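Enquirer: So that we are looking at the same thing, I have put the structure below in structure tokens.
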Amino acid sequence: MPSKYRNFRNNVPWLILFLEAVFIVLFFFSTGDASSSSISYPVFQDVNHMVIFGFGFFLTFLKRYGFSSTGFNLLIIVLGVQCSVLIEGLLAFLLQSENEDGLKRITKATVSMTAVAISTGAVLGKTNPMQLILMTVVEIMFFRMSRWINNMFLQVPDNISLMHVHLFGAYFSLAVSSRFSEPSPSSKKNASTSKSDLFSMLGTLFLWVFWPSFNSVLVVDNKTKAICNTYFALAVSAVTAFMLSVLTTKDGKFRMTHIHSAVLAGGITVTYTAHSIEYPWIAMILGLLSSVIAVLGSYCLERCLTPALKIHDTSGVHFTFGLPAVLGALAHVVLLVIRDWTNSPRLGYLVMIRIGAFCLTISVALVAGFITG
């Protein structure tokens, strides 16, 4: 925690107790069928491992915040999942829609918490637990609001709008981070060690292994296709990351910082299209392009964009998650045009709807992030 935070005992326990009491009371009045589910427990377990273990260790690269990253990640995930499930139930009640089964609600809530886990990476080492908890609650509310707008007015399928977590989490965190000062270059808080980098790479491996389950968990049709396309995209992005790491360093050696930020890019890029890509080579091309964007983006953003906008992105979520997600959004639109070029008389309308959905997600994320920051 930041050294200026003196009132940990006087604030955080009571905030957690208040939130948990509210959640218990609201769950008392909520309803949900937990007897059967369209989602199997092993698939849910993969997503849960990814969010808890993967992101928990992914954020351990700062030597002074190793315990904070894993511990606070668990705290905000379990609080955020409860909050997200309650928001889903409240919307189902207000809109008079069918209530989903219990395991599916928890799975969707866990997927939604990916946005918060990504956002935590941008403000790690600059926020205290009180701020992280409040950021979690606010971000979950705004993310659900953007999903509701996409579903209700733009007719975006629920499984696609939920996959906007990478876009929302990255740009929400950048907006929040703009309100915090950048640590001085001589500060030890922003340093890492070989041990912290090793644990962070362990988290990256967890995320890499479970990402196919993440991309296919809510897919009804073509689930196997989504798994295969995600795996090939991840494989090519990992290979490309090693190649570019050698080519972009002066001594011609691997840099784990490059690999840490680029091996996941392929899975993020095909998030929207994994279930609809017909041929694996398309997913492989997207994996290659996403890795190139992640590695080269780290150079451009850190040297050009970041000093100009005065935004300090602690773990580089912009080029690790944001830019690959933007590439995935463009790929989603391009593949839609190619697939329905001669079949759909409303192709232009469909393209504008898809572009509008992505722009809406980014806009809500930025506005909500500035307010939260």
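Along the chain as shown, the residues are counted starting at 1.
Note that Cβ sites are derived from N, Cα and C of the backbone, with glycine treated the same way.
Where the annotation comes from TrEMBL, it is an automatic prediction and has not been curated.
The following feature annotations were taken from TrEMBL:
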{"type": "DOMAIN", "residues": "16-369", "note": "domain 'Ammonium transporter AmtB-like'"}
{"type": "TRANSMEM", "residues": "12-31", "note": "transmembrane segment"}
{"type": "TRANSMEM", "residues": "43-62", "note": "transmembrane segment"}
{"type": "TRANSMEM", "residues": "74-94", "note": "transmembrane segment"}
{"type": "TRANSMEM", "residues": "198-218", "note": "transmembrane segment"}
{"type": "TRANSMEM", "residues": "230-247", "note": "transmembrane segment"}
{"type": "TRANSMEM", "residues": "281-301", "note": "transmembrane segment"}
{"type": "TRANSMEM", "residues": "321-341", "note": "transmembrane segment"}
{"type": "TRANSMEM", "residues": "347-371", "note": "transmembrane segment"}
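Would you situate these features in the structure and describe their surroundings?
Expert: Within the chain, the transmembrane segment (43-62) has long-range Cβ neighbours (under 8 A, six or more residues past its boundaries) at 69-70, 73-74, 77, 103, 106-107, 110-111, 113-114, 117-118, 120-121, 124-125, 189-192, 196-197, 199-200, 202-204, 206-207, 210-211, 213-214, 216-217, 260, 314-315.
Taking Cβ pairs closer than 8 Å, the transmembrane segment (74-94) reaches residues 16, 19-20, 23, 26-27, 30-32, 51-52, 56, 100, 105-106, 108-110, 112-113, 116-117, 120, 129, 132-133, 136-137, 140-141, 144, 148 in its own chain, all 6 or more past its ends.
Under 8 Å from some Cβ of the transmembrane segment (230-247) lie the Cβ atoms of residues 208, 211-212, 215-216, 253-255, 258-259, 261-267, 269-270, 274, 280, 283-288, 290-292, 294-296, all in the same chain and six or more residues away from its ends.
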Enquirer: Where else in the chain does the transmembrane segment (198-218) make close Cβ contacts, counting only residues six or more beyond its ends and a cut-off under 8 Å?
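Expert: Residues 39, 43-44, 46-47, 49-50, 53-61, 66, 107-108, 111, 114, 158-159, 162-163, 192, 226-227, 230-231, 234, 238, 256, 259-260, 263-264, 267, 270-271, 274-275 contact the transmembrane segment (198-218) from elsewhere in the chain.
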Enquirer: Report the mean pLDDT of the predicted model across the domain 'Ammonium transporter AmtB-like' (16-369), rounded to a whole number.
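Expert: It averages 89.
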